[in-house]
Amino acid sequence: DVVETQEHYKSRWRSIWIMYLTMFLSSVGFSIVIMSVWPYLQKVDPTADASFLGWIIASYSIGQMVASPLFGVWSNYRPRREPLVVSTAISVAANCLYAYVHVPHSHNKYYMLTARALVGFGAGNVAVVRSYIAGATSLTERTSAMANTSACQAVGFILGPVFQTCFTLIGEEGVTWKLVNLQLNMYTAPVLFGALLGVINIILIFAIFREHRVDDMGRQCKSINSEGEESGVLDQDAEGNVDHVAVVAINLLFFVILFVFAVFET
C-alpha cells in the first residue's frame, strides 16, 4: 500500500535536508572561532585574562542551554518555521556584533561575551531540528535520519576550524571598510561568513521548508504545528508511553559527551 504520495515524500525529505543544514550551521557557529577567540580577545581588550576566555567559551553553551527549552515550547504550539527563522536571525545578528567588538572604546571583552552568548542562544534551535526530524520520519527512517543529524553536527564541529584556517590567509590586519567601520581580517571574516550562511539558511527555510508529520508507518498525519491548524494536546495513547528512565539516561549521556568535547576544544 502507498502510504504517501511521491510529491509529499520529496517535500518531506527536502525539509529534513534543510534541518540537516541548520544543525550543521549551528555547529559551525561554535567551532569557527574557537582557535581565534583568544588572540582576538587580547587584541580588542588587553585587560581580559584566561579566566574571562573561559567565560566567553562557556557563554555559547549557556545561551544554547537557556534557548533550547524556550524554542522547544514555542515549536510545540506554533509552526516550527517561526523559531527556526528567529533563532537563525539572532545568530546572524550576533555574528555581526562579534565583527564589531573592536569599535567600542572600553569594555570590549563584555561585547564579545554578549556576542558569543547570543550566537549560542540562536543555536538553541537544535531542539527544534531534532524534534521535527523525529516527527517527520517513519520508524524505519528515524534511526538513520537522527544519525545523519548527529553526523551533520559533527561535520560542523570539524569544518569550523578548517574555515578559520582558510581565513588566516587574509592576515591579522586585513582590510578596513571605513564607510561602515568594518575590519575584515582573519578574526572577523569567519563570523561574517557564518552570518552569510545563516542568511542563506533563512532563505531556504522560507523557500523549501514545509511542516510534515508522519506516523510510525510513514503515513501522513495532521501536524499541530501546521499553519491554520489549531494546536492541541497529543493523544497519549497515540504517542505511546514514554520511558522516562531511558530519556533521563540518554540526556545524561549526551551531557557527558558534550562536556568532554567542549573541555577538549577549549
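Cβ atoms here come from the backbone N, Cα and C positions, even for glycine.
Taken from TrEMBL, the feature domain 'Major facilitator superfamily (MFS) profile' covers 15-266.
Annotated transmembrane segment per TrEMBL: 17-40 (among others), in sequence order.
The transmembrane segment annotation in TrEMBL covers 52-72 (among others).
Positions annotated as transmembrane segment by TrEMBL: 84-101 (among others). Within its own chain, the transmembrane segment (84-101) has Cβ neighbours under 8 Å at 22, 25-26, 29, 33, 44, 67, 71, 108, 111-112, 114-119, 121-125, 128-129, 181-183, 188, 191-192, 194-195, 198-199, 201-202, 205-206, 209, counting only residues six or more beyond its boundaries.
According to TrEMBL, the transmembrane segment annotation covers 113-133 (among others). Within the chain, the transmembrane segment (113-133) has long-range Cβ neighbours (under 8 A, six or more residues past its boundaries) at 15-16, 19, 22-23, 26, 29-30, 33, 37, 52, 55-57, 59-72, 74-75, 80, 83-84, 87-95, 97-98, 101, 142, 145-146, 149, 153.
Per TrEMBL, transmembrane segment is recorded for 154-171 (among others).
What TrEMBL records for 191-209 (among others) is transmembrane segment. Long-range contacts of the transmembrane segment (191-209) within the same chain: residues 14-15, 18-19, 21-22, 25, 28-29, 32-33, 81, 84-85, 88-89, 91-92, 95-96, 98-99, 163, 167, 184, each at least 6 residues beyond the stretch ends and with a Cβ under 8 Å from a Cβ of the stretch.
For 245-264 (among others), the entry in TrEMBL reads transmembrane segment.
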So which of 17-40, 52-72, 245-264 is most in touch with the transmembrane segment (154-171), counting Cβ pairs under 8 Å?
17-40
